[in-house]
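K.L.:
Can you keep this structure in mind? I'll have questions shortly.
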Amino acid sequence: MKCPKILAALLGCAVLAGVPAMPAHAAINSMSLGASYDAQQANITFRVYSSQATRIVLYLYSAGYGVQESATYTLSPAGSGVWAVTVPVSSIKAAGITGAVYYGYRAWGPNWPYASNWGKGSQAGFVSDVDANGDRFNPNKLLLDPYAQEVSQDPLNPSNQNGNVFASGASYRTTDSGIYAPKGVVLVPSTQSTGTKPTRAQKDDVIYEVHVRGFTEQDTSIPAQYRGTYYGAGLKASYLASLGVTAVEFLPVQETQNDANDVVPNSDANQNYWGYMTENYFSPDRRYAYNKAAGGPTAEFQAMVQAFHNAGIKVYMDVVYNHTAEGGTWTSSDPTTATIYSWRGLDNATYYELTSGNQYFYDNTGIGANFNTYNTVAQNLIVDSLAYWANTMGVDGFRFDLASVLGNSCLNGAYTASAPNCPNGGYNFDAADSNVAINRILREFTVRPAAGGSGLDLFAEPWAIGGNSYQLGGFPQGWSEWNGLFRDSLRQAQNELGSMTIYVTQDANDFSGSSNLFQSSGRSPWNSINFIDVHDGMTLKDVYSCNGANNSQAWPYGPSDGGTSTNYSWDQGMSAGTGAAVDQRRAARTGMAFEMLSAGTPLMQGGDEYLRTLQCNNNAYNLDSSANWLTYSWTTDQSNFYTFAQRLIAFRKAHPALRPSSWYSGSQLTWYQPSGAVADSNYWNNTSNYAIAYAINGPSLGDSNSIYVAYNGWSSSVTFTLPAPPSGTQWYRVTDTCDWNDGASTFVAPGSETLIGGAGTTYGQCGQSLLLLISK
């Protein structure tokens, strides 16, 4: 995840006084939090957690926005920090609520105790916006239930773009948010099936990362009313199956701030396209639903999952448990002013990690406040949310944004500069600590076995901001990781020759599964998630068509702030007059071949199959525009690239030798110099060598063919001498990514391979390209 603004400095931390002991780990949602009907649908029970509240009142509404409450009910303590009330449905109807039930909470606590003369917009009872223990209760702010299964609307929306109504502090504390605030929606359990979950081993997957809205928003083959919705995405299951994709990974679909995206047409104003500002961890985002009635988004999401499952495709979700949409304090000099939607107004010190004096928030996310992932109650919410999405919504796996924050062993009330678990202050990644969230998740869920079967696939983005948060290779067994080093080193190999030292040893390690990162922890090649590009950065085409980022351009391709300056991109000499579009396509074919021919689990970005471009924008988080929406009307060159990608993926799926369950042995994989000699230490250690080849002994890995791959990183041609293929066979060309082979048949169909020869045959390979042969 990229953030629009990164805080200039992370804040220190100190001991938090007065925080109660955390309850022990328990079964999934053992506190029965949330709002639920009884079996007869005669009563609704509302249960919410707050360890520090002194009073909580339930407010019921007949609509999600713009109306006053129809009824109120005071909750009672139910033990272990839980507050509860059961309300007869007959009473709710008598109050005038005959359709969907919308609800929220108002809470009082030590910094704002209840006063009998309090009324909405009143300051009665007020002591402080934040007290010495970090409490931030404010009864003028209606609070969204953290366990609500659907949300009525976002805080900012076409009817309200004023975020001040949700703020604390002297200027805003008495502003009542009731009519504006997002409400929870009480749901009757859905009967919509999610189909049968695929049990395929992760090593056999090809993952396709895409945004739900962007997937179909401008797809004219889909009826207009379904474009950009869960329903529309489900209609693309056959498209992904035809491409060869086996798992679709959606950018965040939990309720996020995006209802204001269309308020100012053709502008980036107020836009949050990617969705990394979560407002609730249980609710599917209503904006992505065709059916926006109560229960509609839930059932529609489930139906989408069923459509993908029916096509044999897994459904993964990008989840954001490192921070929330509430962010941190508005400034670093005023601790009193902060946004209050939900968690903060219920139990600030439970849900967020606080700094010295408990007035501010510790932040490794760039958004202002770490979610308090070492706290058991906060962990319960994470686990309960994951269980809901896996069990009720049918999701097969999760990609964890800034997952290093979930390995934080620092906790409010337990950290000092010298504390054993927090030697660096308020953040310390510690995979050996059994109580960190990443290990709690492993205990609570079954990870899919290596050979396939039931379970979840878990993917970490293994970095955050500051401290020891860069943890590529540092996660425990059971976790797979986005391999940013794979991306960087292979981009460097293609685009930085002459600008930096290129290590062919690193390229070889990438091709064979990145054992240097994952083997020592007992993991396997498929735990490396191999990608050249994802949403966070340039597209595949732009990596090979841009000399740097251009984020300041006009709508629809900008402007966007932020973005890295380390892209390792190059336009292949186009701007210098030494390259052409055909060279850019060659480079893109080579990059995608790296991705699909390497040991590991390949991850591609939606649109890479047709060379989608963002015109060099590398941080388009804020563009809900045609630039970010996939298109299905292609040029001839784009159609040719699609055929290349489709056949490349099919080749990977047809050859188990490319999908090893364990690390290649010396007899299974042999590295060769261009001369045909086996690569020795002298060759590996010479940083002037930019060409390498390898042969995989297919029969030893259950494959009917052996495979030979040659990569020439030089700018000029290199002659490769082929090793001996298996007895009785010869080498046949499947693809050569060189310019001469640009067109509809760059990657040939099975059975159409071209005979090259046997041992000692020479092959001239053009600069910066890849050759793929099979034995037959």
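Just so you know, glycine gets a Cβ as well, placed from its N, Cα and C.
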K.L.:
Record says E255, T256, N258, D285 bind Ca(2+). Source is Swiss-Prot. Which of D145, D154, D396 does it list for that same site?
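P.N.:
Given E255, T256, N258, D285 bind Ca(2+) in Swiss-Prot, the matching entry from D145, D154, D396 is D154.
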K.L.:
The disulfide recorded in Swiss-Prot for C766 goes to which of C616, C738?
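P.N.:
Going by Swiss-Prot, C766 is disulfide-bonded to C738.
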K.L.:
Quick one: which of C422, C546 does Swiss-Prot link to C616 by a disulfide?
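P.N.:
Between C616 and one of C422, C546, Swiss-Prot records a disulfide, namely with C546.
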K.L.:
Among all the protein chains here, how many other CB atoms are within 10 A of the CB of E461 (active site, proton donor)?
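P.N.:
Cβ-Cβ neighbours of E461 (active site, proton donor) within 10 Å number 23.
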K.L.:
In whole Å, note down how far the CA of C738 (disulfide bond) lies from the CA of D401 (active site, nucleophile).
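P.N.:
That separation, Cα to Cα, works out to 37 Å.
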K.L.:
For C616 (disulfide bond), which of the three DSSP-derived states applies: helix, strand, or coil?
P.N.:
coil
K.L.:
About how far apart, in whole Å, are the alpha carbons (Cα) of E461 (active site, proton donor) and D285 (Ca(2+) binding site)?
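P.N.:
A Cα-Cα distance of 22 Å.
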K.L.:
Taking the centroid of the Cβ atoms of D154, E255, T256, N258, D285 as the Ca(2+) site, which other residues of that chain lie with their Cβ within 8 Å of it, listed in sequence order?
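P.N.:
Those within range, site residues removed, are V151, Q254, Q257, D259, N272, G275, M277, E279, R286, R287.
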K.L.:
Inside 10 Å of the Cβ of C410 (disulfide bond), count up the other Cβ atoms and send me the figure.
P.N.:
27
K.L.:
Taking just the CA atoms, what is the gap between D285 (Ca(2+) binding site) and D536 (site 'Transition state stabilizer') in Å?
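P.N.:
With distance taken Cα to Cα, D536 (site 'Transition state stabilizer') is 21 Å from D285 (Ca(2+) binding site).
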K.L.:
Specify the secondary structure state of T256 (Ca(2+) binding site) as given by DSSP, simplified to three classes.
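P.N.:
Assignment for T256 (Ca(2+) binding site) reads strand.
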K.L.:
List only the single closest residue to E255 (Ca(2+) binding site), chosen from the recorded positions C422, D536, C766 by CA-CA distance.
P.N.:
D536
K.L.:
C-alpha of C422 (disulfide bond) to C-alpha of D154 (Ca(2+) binding site): distance in Å?
P.N.:
36
